[in-house]
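J.: Sharing a structure with you now.
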Amino acid sequence: MIFLSAVIAFTLLCVLCVAATTWSARTVDSHLGPKDLTRLQKVFVDGLSSNDLQAIFFASLNIETTDAATKEALCKKIATLHTESKLNNFEKDYYLIGANRNLRCSTKIDEALLSKVYSSLDSELATTQEIYYRLATHKALGVQVSDAVQAKIVKRLQEVLKRDDTLSGLGYAFNVAIQLGPSASFIADRTEDAIVQADEVDGRLLQFEGGLSITALILNGVFGVSKAFNKPAPVTADQAVKFANYLLSRRSVQTAKGAHVLIEALKTISSADKISPICIQLIGNGQLEAQSPTLNVAVVDLLGKPLSPPVTSLSAKISVKKDGSVLAEKIQLVSKSSDKTTYAADLSSLKPGRGIYQAELNGDGVYKQNLQFKVLGRVKVQTLEVGIAESDASAATRKQSVSYPNKLKDTLTADSTQKLLLKVLLVDESTNKPIAVHQVFVRLQNRETDKEIIFVAEQDSSKAYKFDMDVGNQGKNFNFQNGLYNIYLTVGDASLSNSFDWLLAPVQLKFNQPDRDVKPRHVNGPLPEIEHQFRVPDKRPPRIVSDIFTGLCITPLVLLFVFWAKLGINVSNFTLSPSTIGFHLGFGGILALFFVFWLRLNMFQTLRLLIPIAVFTFLCGNRLLRRLYAQRNAKNPAGAS
């Protein structure tokens, strides 16, 4: 039993150690770079020229307008936009007064508006959002809120939170508490309630329902409350990384408000002690030359600025990605800039070959990051032979060697009974060992027409690449066009720094012409038109069959009239009342509609016409039957009783 407990304890300890390694990573893959900041700056510039009061406020908060004429026009513009704005009064009042202060407008704000703002804190504020904006407006005006009013607001804040504890309500409440000070310290107990409501996405991102604005509002509020009341932040290092990943994923925001809250939230997380994540990333495209493999790494905060304090020690474990073999357990990276944002490690002593490598970086034992980089190799053509052979192997192959990057002086000649052969051995320039590359193509280009045919060279068991083209069998691909062709060898690979396209030799190709003219293939241009043919209609029956069938259908109607003529028709009860005439007209209309349906209408057209006629016929028939029943009762009162 004691042994089992010890095993369980040891297992838990191992799990906690692994978890601690993951949680202490505190790194992200990217940061707001110069391009991002330039684009966000443009968003603010566009915000100043917009007709949106909110956009002008946030834009003026982040960029300064120096032109006096532009500033004066904006000051007049915001007054007009305030009047026309459909925002809540407390929100648009804040934007107007804040923009007026940011722009340093010379025009004074309307006294009636100021009077309303000053007295707003004495009223019953309905939401935490209204409380926040009213307090922020007083702060923008430089008005000190008295202790009595603050006590009233704290009490009101508690009342509002009892019935509105949504994420938005909590977010504004946190920011209100920061302004109120110690009297609102009760709000610190609610920070964990907000953080646990964050939604995790793909195990990498954390965000709050409502998007960027709500997420930034809560993060700024939570960290602000923790700092104001000297409380530990209810956010772990792992959560901070995930929140940072979410914020960085929203760097393409297009509104001035979104750009402002994004920058402010990133600043807030970056300034959080003990949990703030940093960015460790490769400088450049992560491709190192084999002759001078220097690993360059940038270490910055989420806004791309130097760390304070900087990382004192940064080391890396280098391993091969393919098989996991370790080249070096600990390589020290040395700072290459005065602000300690750039670190470098010379890997020449490791003699890394061509391939992909993993670098596990460790900064001060706190920051961990896995980076992937590629060491580019150089390919060398060790031998290349090109020649002509008989297709039936009746004669010896005539081969000639060519050295890179020279061109064969003689012109090769091949007809339809021969084959064009090529064999090339590619080696690594540093080791002289044969290598395999992604692309080895043999390209034949007609000198007159510039048309070209591309073939793939295959690697054999000796690791040499071979190309074998039977001229007679390939005539169709060349459109049987005789002439002088250039032979090119193309070698390419993502891990090579000297991929090349080499002109090897000219070759005269002679094809057997077909017995009939072969139309050239349309490489470019429209394809022949495809004419659609409808199905041939089935053969219809003879005319006499249709006439006999029609006669049989009409026979009952003819018999009806014949029997009426012999028996006599009793029309004594027929009257000229509207219901009688309407019923017979409706019934006749229905019969006529069925006849037209038989000739040309479809079911849906018939139903659309039948419904109103049927309703009319039903109403008239109902009235007709009631009248006939009444007449019968009047003639025979005894039977009716």
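Here the Cβ of each residue, glycine as well, is placed from N, Cα and C on the backbone.
Okay, so TrEMBL annotates it like this:
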- 1-24: signal peptide (SIGNAL)
- 33-270: domain 'Ribophorin II N-terminal' (DOMAIN)
- 278-375: domain 'Ribophorin II second' (DOMAIN)
- 383-509: domain 'Ribophorin II third' (DOMAIN)
- 534-632: domain 'Ribophorin II C-terminal' (DOMAIN)
- 548-569: transmembrane segment (TRANSMEM)
- 581-601: transmembrane segment (TRANSMEM)
- 607-625: transmembrane segment (TRANSMEM)
J.: Reported in the order helix, strand, coil, what are the DSSP residue counts of the domain 'Ribophorin II third' (383-509)?
T.: 4 helix, 69 strand, 54 coil
J.: Mind tallying the domain 'Ribophorin II C-terminal' (534-632) by DSSP state, helix then strand then coil?
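T.: Each residue of the domain 'Ribophorin II C-terminal' (534-632) counted once, the result is 77 helix, 0 strand, 22 coil.
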J.: Just to be sure I understand, if DSSP states are collapsed into helix, strand and coil, how many residues of the domain 'Ribophorin II second' (278-375) fall in each?
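T.: Its residues fall into 3 helix, 55 strand, 40 coil.
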